[in-house]
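S.K.: What follows is a single structure, and I will ask about it in a moment.
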Amino acid sequence: ACTGIENIDEAITLLEQNNWDLVAAINGVIPQENGILQSEYGVETLHGPAYGPTSHSTAASSTPSSSSAFRHVVPSRQIVERQPRMLDFRVEYRDRNVDVVLEDSSTVGDIKHILENELQIPASKMLLKGWKTGDVDDSTVLKSLHLPKNNSLYVLTPDLPPPSSSHSGALQESLNQNFMLIVTHREVQREYNLNFSGSSTIQEVKRNVYDLTSIPVRHQLWEGWPSSATDDSMTLAASGLTFPCHRLTVGRRSSPVQTREQSEEQCTDVHMVSDSDGDDFEDATEFGVDDGEMFGVASSALRKSPMMPENAENEGDALLQFTAEFSSRYGDCHPVYFIGSLEAAFQEAFYGKARDRKLLAIYLHHDESVLTNVFCSQMLCAESIVSYLSQNFITWAWDMTKEANRARFLTMCTRHFGSVVAQTIRTQKTDQFPLFLIIMGKRSSNEVLNVIQGNTTVDELMMRLMAAMEIFSAQQQEDIKDEDEREARENVKREQDEAYRISLEADRAKREAQEREMAEQFRLEQIRKEQEEEREAIRLSLEQSLPPEPKEESTESVSKLRIRTPSGEFFERRFLASSKLQVVFDFVASKGYPWEEYKLLGTFPRRDVTQLDPNKSLLEVKLYPQETLFLEAKE
């Protein structure tokens with residue numbers, strides 16, 4: 001309608017050259033000042049014969065007299081020369097951001113020279129990524145890329161060593177990285193772009209390739225594995241694969257019963273397929289060929305495998321196939337889909353700490369929608385969208401193409417969001433897919449903040465995502481405040497409980513100490529009483545065993561002893577001079593002063609009588625006829 005191009009093959013080639021950007025493709029054919037040309041502006045349109053893909057180069061370089069859709073259309077009115085357009089770039093490198101402002105007449109190399117001065121990195125070592133178009137080199141003029149006013153880029157330096165870290169830290173980082181494996185199926189010459197985490201094993205890769213190629217693991221013949229990958233149980237991080245991308249080739253082991261005729265027949269089949277030319281596109285609709293098949297062999301090959309198996313028992317396995325097929329169709333730059341059930345995605349997004357919660361984005365895919373390819377390749381795989389989703393969302397996906405999978409999701413939707421949301425999705429027509437649901441978790445229920453249909457743009461999609469984030473951030477701040485207050489109350493309660501417990505422990509310890517002290521006092525009192533009773537029994541026994549005191553008028557020699565106690569008291573007694581000194585000791589002990597604890601001292605001369613032989617008589621130890629002694633406690 002805009003360009004007058006009726007050759008389907010020619011139109012598809014133009015779209016592929018512009019990375020399926022419809023506006024850029026039209027502006028490339030009919031460039032003018034204000035965008036897509038309108039017929040009433042009086043522009044001269046050149047018409048010429050249509051041609052197939054084999055004549056592109058000759059048509060593009062033909063003389064001015066030969067017209068084609070590839071020629072620029074010259075407006076009849078004079079175009080006013082405009083001022084150079086200024087472009088803003090935000091360039092990210094590791095933990096730094098550099099702002100660059102340039103005219104659109106500058107080249108990519110000019111950006112690198114500015115970054116070379118800012119980052120102190122040689123321009124030859126830089127890989128400038130983030131362009132929305134195809135291949136870009138240093139000589140590419142920015143104007144030719146049709147860039148918006150504001151752009152985000154990032155710098156990769158694969159030839160420069162990363163910041164120093166320990167070997168174990170590097171290995172742990174590799175386990176958390178995603179490896180892109182570009183696997184070429186040798187027999188059919190088809191490539192698969194597969195994403196695996198560094199913790200995946202070589203065996204898991206081979207099993208996934210079996211699902212894609214139908215070649216059993218035992219019949220797979222591989223090329224491209226590093227020499228260190230000697231064991232199928234080895235993880236990809238430890239196998240020595242090139243990060244982030246590594247190429248492999250797989251084929252079927254040749255069977256000894258395969259005949260030469262079979263081989264020739266296979267070669268003939270391949271030749272017959274490759275002989276088909278672009279003219280078939282012109283008659284495709286006449287033979288009932290589906291529109292999806294008119295996008296070339298590569299697109300039809302991608303349509304072979306469904307995004308998700310029908311009636312999959314395990315949602316995690318279904319999401320694994322979805323991720324692998326999505327990467328195969330649209331490349332490795334895409335949102336990181338959560339592998340697991342919808343309930344597990346809820347748990348991951350909504351039920352952690354308030355600071356760690358995220359929004360849940362549910363992508364609903366539909367292969368039969370005309371918007372799917374453009375939405376996935378241009379919007380969902382845009383680096384700005386991928387980066388924003390990875391930072392702020394948990395992304396979960398489901399394929400609605402098959403009726404069984406559609407019914408299963410609607411059942412899950414009714415259970416988690418209610419019948420209103422399920423009815424809203426049920427009434428969506430195929431051409432309104434794909435859908436992007438933004439879910440926010442609340443205390444009592446899960447709320448659907450937004451339902452984004454496939455007929456949108458990158459800017460509109462980003463604005464709606466940011467609007468959802470603003471709502472979520474406000475709710476999250478309230479949740480964080482409530483959680484902090486709750487934790488503060490719980491901390492106070494825990495501190496009070498701990499103080500109460502310590503107080504109880506102290507009281508119990510004090511009570512136990514008092515009980516032990518009372519028990520000890522009682523025990524000592526019992527011992528003291530027993531000792532006193534024992535001493536009293538000994539005293540009485542000694543008192544009874546003493547010989548009778550002789551009378552004063554006795555005819556025998558009598559010794560009179562006067563003994564002073566430590567308290568100053570005196571007691572006297574008469575003893576026969578022939579009595580042994582032990583009798584005196586027993587007498588003193590009977591008065592409560594055992595000679596084991598007290599010593600008996602003489603006055604003139606001062607001497608310790610207890611040191612004398614107790615078997616000698618009083619006469620022999622010179623305690624006759626009388627003597628004064630005093631008692632003193634032993635040390």
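Glycine too: its Cβ is placed from the backbone N, Cα and C atoms.
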S.K.: If you look at how TrEMBL annotates this chain, which of 48-68, 132-152 comes out as region 'Disordered'?
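M.R.: Region 'Disordered', as annotated by TrEMBL, spans 48-68.
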S.K.: Looking only at residues six or more beyond either end of the compositional bias 'Basic and acidic residues' (486-496), which have a C-beta under 8 A from one in the stretch?
M.R.: none
S.K.: Mean pLDDT over the domain 'UBX' (554-631): what is the value?
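M.R.: Across the residues of the domain 'UBX' (554-631) the model's pLDDT averages 89 on the 0 to 100 scale.
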S.K.: Run through the region 'Disordered' (540-560) and tell me, per DSSP, how many residues are helix, strand and coil.
M.R.: 6 helix, 3 strand, 12 coil
S.K.: Using DSSP, tally how many residues of the region 'Disordered' (476-496) sit in helix, strand and coil.
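M.R.: Computed counts for the region 'Disordered' (476-496) are 21 helix, 0 strand, 0 coil.
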